[in-house]
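Features reported for this protein in Swiss-Prot:
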BINDING   Asp77, Asp79, Asp81, Tyr83, Glu88  Ca(2+) 1 binding site
BINDING   Asp113, Asn115, Asp117, Tyr119, Glu124  Ca(2+) 2 binding site
BINDING   Asp158, Asp160, Asp162, Arg164, Asp169  Ca(2+) 3 binding site
DOMAIN    64-99  domain 'EF-hand 1'
DOMAIN    100-135  domain 'EF-hand 2'
DOMAIN    145-180  domain 'EF-hand 3'
Amino acid sequence: MNRKLIQNLAETLCRQVKHFNKTETECLIRLFNSLLGEQAERKTTIGVDRAKFRNILHHTFGMTDDMMTDRVCRVIDKDNDGYLSVKEWVEALSVFLRGTLDEKMKYCFEVYDLNGDGYISREEMFQMLKDSLIRQPTEEDPDEGIKDIVEIALKKMDYDHDGRVSYADFEKTVMDENLLLEAFGNCLPDAKSVLAFEQQAFQKHEHCKE
């Protein structure tokens, strides 16, 4: 993709996606093209496949849980075609790198709402938490500890007592206690990963400086 095309695309995207100026958006497009490799030169570019993006989530942003990275990919791949378009890529990084608390809450809730019905149910909490607890083989019911944690989470988050967590419940919980933003699994990069990525993407490239 030549410089003029990148500039035009950056101009369009930075009007549609928050938090990045035109120069930064250009950098992210170049990075996207480098991930595409030879495909970037073709007229019909599909995008970055989920396997490659999962690799970035794992190695660049420290998200190591398979179930979570799969959910993150599904949420970010909005048209569900199995590939990340350049717009989906920039939108994801907008939330990851510079998202407001409100944007991050909406994103995390979507990741945790496994079946997309607008609620986080007991079953969904169990699914997300079951791999995070070390089970003792001697326990009669190895799932008992996870069930206990689910009940504690519901007690803390389910403000309207309907046995599930709505977005309003989740928002109120996180506003009261920010640390509970990623209560059911790591789906955002930590501050160190964000800083390292920004330095790599924006500061080390001359063409990405204003």
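Using N, Cα and C of the backbone, Cβ positions are placed for all residues, glycine too.
Assigned with DSSP, the residues of the domain 'EF-hand 3' (145-180) fall into helix, strand and coil as follows: 26 helix, 3 strand, 7 coil. Same-chain residues at least 6 positions away in sequence with a Cβ under 8 Å from that of Asn115 (Ca(2+) 2 binding site) are, in sequence order, Glu124.
A separation of roughly 34 Å, to the nearest angstrom, links the Cα atoms of Asp158 (Ca(2+) 3 binding site) and Asp81 (Ca(2+) 1 binding site). Averaged over the domain 'EF-hand 1' (64-99), the predicted model reaches a pLDDT of 96. Each of the binding-site residues Asp77, Asp113, Asp160 was scored by how many other Cβ atoms lie within 10 Å of its Cβ, and the smallest score goes to Asp160. Using Cα positions, the member of the binding-site residues Asp77, Tyr83, Asp160, Arg164 nearest to Asp113 (Ca(2+) 2 binding site) is identified as Arg164.
The record gives Asp158, Asp160, Asp162, Arg164, Asp169 for Ca(2+) 3. Within 8 Å of the mean position of their Cβ atoms, the other Cβ atoms in that chain belong to Tyr119, Leu154, Met157, Tyr159, His161, Gly163, Val165, Ser166. Counting every protein chain shown, 21 other Cβ atoms lie within 10 Å of the Cβ of Asp169 (Ca(2+) 3 binding site). Taking the centre of the Cβ atoms of Asp113, Asn115, Asp117, Tyr119, Glu124 as the Ca(2+) 2 site, the nearby residues of that chain (Cβ within 8 Å, site residues left out) are Leu114, Gly116, Gly118, Ile120, Ser121, Arg164.
Nearest Cα neighbour of Asp79 (Ca(2+) 1 binding site) among the listed binding-site residues (Tyr119, Asp162, Arg164, Asp169): Tyr119. Annotation for Asp81 (Ca(2+) 1 binding site): spatial neighbours Ile46, Gly47, criterion Cβ-Cβ under 8 Å with sequence separation of six or more. For Tyr119 (Ca(2+) 2 binding site), the same-chain residues lying six or more positions away in sequence with a CB closer than 8 A to its CB are Asp113, Arg164, Val165, Ser166.
Of the listed binding-site residues, namely Asp158, Asp162, the sparsest Cβ surroundings within 10 Å are found at Asp162. Cα of Asp169 (Ca(2+) 3 binding site) to Cα of Asp117 (Ca(2+) 2 binding site): a distance of 15 Å.
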